[in-house]
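Here is the structure we will look at.
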Amino acid sequence: MSSPLTAGFCELVFNSADAPEGVTPTLQVLSVKKINAPGASGQDRYRLILSDGKHFIQAMIATQLNGMVESKEIDRNVLIKLTGYVTNAVQGRKLVIILQLETVPWNGEKIGNPTNIEQQQQQGNQSTSTSAAPAPVPKQEVGGFQARQQSAAGRGGAQARAGAGGRGKAEVGPLYPIEGLSPYQNKWTIKARVTQKSDIKHYSNQRGEGKLFSVTFMDETGEIRATGFNEAVDNFYNLLEEGKVFFISRARINIAKKQFSNVNNEYEIMFENQTEIEPCDDDTVPQVKYNFKGIDQLGDVQKDELCDVIGIVKEVGEMGEITSKATNKPFAKRDIQLVDSSGHSVRLTLWGKQADTFKADDQPVVAFKGVKVGDFGGRSLSMFSSATMSINPDIPEAHQLRGWFDAEGRNTQFQQYTNAMNNTSGAGGAGAGVGAKPSELKTIGEAKDEGLGMSEKTDYFTTSATIAFVKQETFSYPACANPEGCNKKVVDDGSGWHCEKCDRKWDAPIHRYILSMNVMDHTGSFWITAFNEQAEQIMDISANELMRLKDEGSDVNSYFQKATGKTLTFQMMAKQDSFNDQPRVRYQCRKVAQPDYASDSAHLISLINSMNV
């Protein structure tokens, strides 16, 4: 019986510069290995060993095919037909990247005794030279992607793009899927849609001032982030429009910096001086892909994870303003309330230009991609600059939500998130930021549940808590030695400690506390900051004296250990600020005292009496 496998395919791929034209091979899976994705946001990949009966070669499947591995459709000794694929050279190895495939019925037996094509080539046993590979043609179909290649005679020169809907710029390589890009490729072109474009950001460092922006590209196989600096901003920022399709080539592929990106890709694109971007009239590239989480499911999403949500904008808060701690510049913020058919609501914060321009008078459906989950008030959402939103998108989820809200949702009582998840409010209840008097005794859990510090105004309350940890790394700062009490931070310029406010220099600074502590009670914990007067009461030593002991090499750890475990009454100030576009509450200790057990007992008695038990 003749073999059902496509004999010679592995050798043909190994000796060819590009994927063979018009070949849809049938191969056998010899093994499947899971490649764990780096980081929490990455997606697992699967590596296959494929055999043509004589040789075997390595392959990777696109992530959209992962389900076939997990359902065992793709498994050991299964036959598959590759209907969409490209080839790639990674660290000297040829790799087949499978974009589309079909399974072929088979009895599960292994076919032949295939050998490693790479080892055979390394041993000098090549039976076919590279000239046996099919000659590249100016235009071909590779795995369902239209690949435009340079002819053999013109590999060193430019070739105009014909019929591409572009402006006829130079051709630099075959059209690759985003899924197939890697840092080991030099010549490639992608056709992708811009799904997100950031504002232009300005920065200053040791090398001078600059500017940058980023975009997210998407095609049938995945997404990738691209960043441009300085000249690239001038060249491409106005050209790249959200929702439009472009050809991109002559850019560099780097390992993705996950701290700056929420895109699910191990790599990212860096625009360079020779980068070419051309508009494309072809609108077959898909629109944004969502993986929505219901609002009632946000409690299962870890803090700081990114997710996609869709909901009705039930309420729009007033414009607010927060001063960035990093830049000391004000920027706009606006809270909106999202609801969905689960009967739950959540607060989402918009920042900057999005907050300034957002309008939702008609309670629209809004789809958000890549918003960050926070734990303020139980659960909250924040829209980073890398996140996107679409108002009244033409997708089934939006139509379904619109129909539900118009029919019954307007009169629904929505459940809000709290730390204890035990509070409900009416459809219009935003309810964050309940005020508190400085003398009002609250537990840490109550302060968080009531959203103290989350409103535009500062909230005050008192809590009794135990110090669990005191940071030792930066417990003080060098302050101005002016006896009139300037207290501003001073800088050593080599000739003395200079104070900008007083415009004077001092031989030595006066160190003042800026103590960061974690305090806890039976309901929870939070980080608080205590400044000089309050911190001296806690530490039983001045910051200046403690710094002197530290500089002399003395062990100061005992002072921090002595402070740990103290139970004190803290008069607190709670105020909202922002860190990395994420709202947070800063808790500052205004006064500290030993617990007044008689007063605290009287307070508890009044609470018991109010229960009418």
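Cβ atoms are placed via backbone N, Cα and C, with glycine included.
The average per-residue pLDDT of the prediction over the domain 'Replication factor-A protein 1 N-terminal' (9-104) is 82, rounded to a whole number. According to TrEMBL, the domain 'Replication factor-A protein 1 N-terminal' annotation covers 9-104.
Residues or ranges marked as region 'Disordered' by TrEMBL: 111-169.
The compositional bias 'Low complexity' annotation in TrEMBL covers 113-131 (among others).
Here TrEMBL flags 143-162 (among others) as compositional bias 'Low complexity'.
Residues or ranges marked as domain 'OB' in TrEMBL: 188-269.
Sorting each residue of the domain 'Replication protein A OB' (295-392) by its DSSP state yields 12 helix, 50 strand, 36 coil. According to TrEMBL, the feature domain 'Replication protein A OB' maps to 295-392.
According to TrEMBL, the feature domain 'Replication factor A C-terminal' maps to 460-604. Using DSSP to sort the residues of the domain 'Replication factor A C-terminal' (460-604) gives these counts of helix, strand and coil: 32 helix, 69 strand, 44 coil.
Taking H, G and I as helix, E and B as strand and the rest as coil, DSSP gives the domain 'OB' (188-269) the counts 9 helix, 44 strand, 29 coil. The highest tally of CB pairs under 8 A with the domain 'OB' (188-269), across 9-104, 295-392, 460-604, is held by 295-392. Mapped onto DSSP classes, the domain 'Replication factor-A protein 1 N-terminal' (9-104) shows 15 helix, 48 strand, 33 coil.
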